[in-house]
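Novice: Quick one: the structure is below, and I'll ask about it shortly.
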């Protein structure tokens, strides 16, 4: 049976393809989901792909992944920069590996985006590589499992 990786997406990622394509690219979240499913299949993994604009829902899904999943790819969106609650949820499911993904290079953007509250508790972070960052995160998780 294939191991399941949760791919969790935070606020405003449902607007990909329309929202600031110069920063986030032209792919939609559905396109990224298809890429993730194809990459996961090639790695012998299954994907549980979800998106929410609500912090509490993301926390519930992190807890669920802690019970049922083999790892998490997390694009917390702006919550990554502000949410102690996401930090605590990730810490609560340790040692489950979590890879944080950001489509844009957060270090080349506004100063308030340079640091994430979640970075200290994730296994690694991929940022600035666009949608391929999700595939790279799945590869990194597969190597750890």
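Backbone N, Cα and C define each Cβ position, glycine as well.
Copying in the features that Swiss-Prot gives for the protein in this structure:
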type	residues	note
ACT_SITE	24	active site, proton acceptor
ACT_SITE	102	active site, proton donor
BINDING	75, 81, 88, 103, 104, 113	substrate binding site
SITE	19	site 'Transition state stabilizer'
Novice: Compute the C-alpha separation of the residue listed as 'active site, proton donor' from residue 75 (substrate binding site), stating it in Å without decimals.
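Specialist: Just about 6 Å between their Cα atoms.
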Novice: Here are some recorded positions: 19, 81, 102. Which one has the most Cβ atoms within 10 Å of its Cβ?
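Specialist: The largest 10 Å Cβ neighbour count belongs to 102.
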Novice: Reduce the DSSP letter at residue 103 (substrate binding site) to three states and note it down.
Specialist: coil
Novice: How many Å separate the Cα atoms of residue 19 (site 'Transition state stabilizer') and residue 104 (substrate binding site)?
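Specialist: Residue 19 (site 'Transition state stabilizer') to residue 104 (substrate binding site), Cα-Cα distance: 13 Å.
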